[in-house]
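A short write-up of the structure that comes next.
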């Protein structure tokens, strides 16, 4: 009883003094918190820079569609969109057979998380430059070729590969070959052998032959009945919508068409990266003629203002998106009987809703023809087949379908490729053709960017880049005039015009600062001089003793016609930025002299510099000149190095593998 009374007393005491107790508690708690000892420093595990091979192997789950069927992924790596076009052909044939498929840009694919779980993958990949992956395949390629990937990373993933290359390049289809090899090394299962196409000869035919043999094997592997894919009728993936000023479908004003938003890549410091998919619009600062009035050709020096948004290094390439000739565009508009000012968009056939994202556009038909469609290059066989469906004239249809067959390769090459017949030419030659504009916009290849060797150093003029462009125009065997799309357009640019462009990194570089005492030998006739102009500007900026150990071989027709940048070169020579300047004139006398001849004339000097570890550079025509230069170099190595053919070639191969023999060539 006393205990209970004591408890009651304490309870009353606490209640009567609760406010004071709380205040005291807060004061004490605050004091203890403010005066608590500091916590011990956190303990961090030592970072492991090596790849965790076990962590790379996420749980394997086979990719399936909504119906539970395995999905084929068709990956493309492209610089000119040809590989993407080929992937769409595979997609069309998949649908005919009944195979669920998805075409995927390698740049947007989450390869680390998804590749291990794919049920079947097909790679259609191009090789760009000197054995390099295309811009959109670079990240995937670097990931796949990392030597520390576990050998069972892609265990059992079925795959096949088709490569797009050019046999005139040294590293023919290198990217496709590496991807094919690495997929197998990492545990993938090769279902069908790798195919390779040669863009210098029969790329489209090579692709058609490969897929014809590929389908029976792949269908058997996936468990599908092989159905004929020989029916080459055009199957549209998009429908065209004509829009009003508010981008609403004029046939259904309740539907709004919007462009697909671009998500530009950002650098580590959150700056926008300008590339092929997101070009920078640069202002033209200068556009001047480099040839004399005596020349029957034209070569332009063009400078662009980059500002702080875009950077480059000496030897890089500049990609430029050209615009088709306006007269040709108007001719096409008239021939197809359309209104060039109509605002249109292409949207997926199966896409519905009040707001639809366009796959192409919105834009006017005139702009589509001007900036996006390749209307001048030789027509592909797939386009011939699509055009053939648009005529009621049986003779025209028969002729076009025949030209698209493998049996007609020789005639196709003679009539289409060698004569440079574009789609506008065919529409004029076959008056019965009347393709639907929606189909025409879809099956006509896109106008690719043109790549130019940069002819300046960023240290010469801050925020300025230059290119050197010879204007392409010639007459074919059938006396048909052909003008290069990009070079002609570039030649007409005025100061202040804006040009969509981007920088592409190149391996064509001067020796690094650590090895800059090594001599350099440069061989570049015609516009092959372009990167070497940048090299000389860079050497002048460095201002080191390497200047005395540089040798340039330049070639042109004569000193009064097309000796481009002559004053600059002579000034570099006089100021010792350039050690030796050797010029070959092919039309000055009855005896034609080329850069390879001059190499042999100066063979002692060339060998002396090679013995000092010289870097050897070749830029220009890859079909004839670069091969002739290499033959001259082989001759010098055999003579002064006392080597036979094989060991002389091995000498050059060793230079190449160590980055001392570099080529920047085109065809």
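Every residue, even glycine, has its Cβ placed from backbone N, Cα and C.
These figures come from a predicted structure and were not determined experimentally.
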One of 132, 135, 199 listed by Swiss-Prot as binding FMN at the site of 164, 165, 166, 167, 168, 169, 170, 171, 172, 173: 199
Between residue 468 (FAD binding site) and residue 592 (NADP(+) binding site), the C-alpha gap once rounded to whole angstrom: 24
Pairwise CA distance, residue 199 (FMN binding site) versus residue 484 (FAD binding site), rounded so that it is a whole Å: 18
Spatial separation of residue 470 (FAD binding site) from residue 164 (FMN binding site) - C-alpha basis, Å: 27
Of the binding-site residues listed as 166, 168, 592, 594, the one whose CA lies nearest the CA of residue 470 (FAD binding site): 594
Spatial separation of residue 297 (NADP(+) binding site) from residue 487 (FAD binding site) - C-alpha basis, Å: 12
Where residue 486 (FAD binding site) sits in the secondary structure, as DSSP reduces it to three classes: helix
Site extent for NADP(+) (largest Cα pair distance over 297, 527, 586, 587, 592, 593, 594, 595, 596, Å): 23
Coarse DSSP state, helix versus strand versus coil, of residue 468 (FAD binding site): strand
Residue 666 (FAD binding site) and residue 170 (FMN binding site), distance between Cα atoms, whole Å: 12
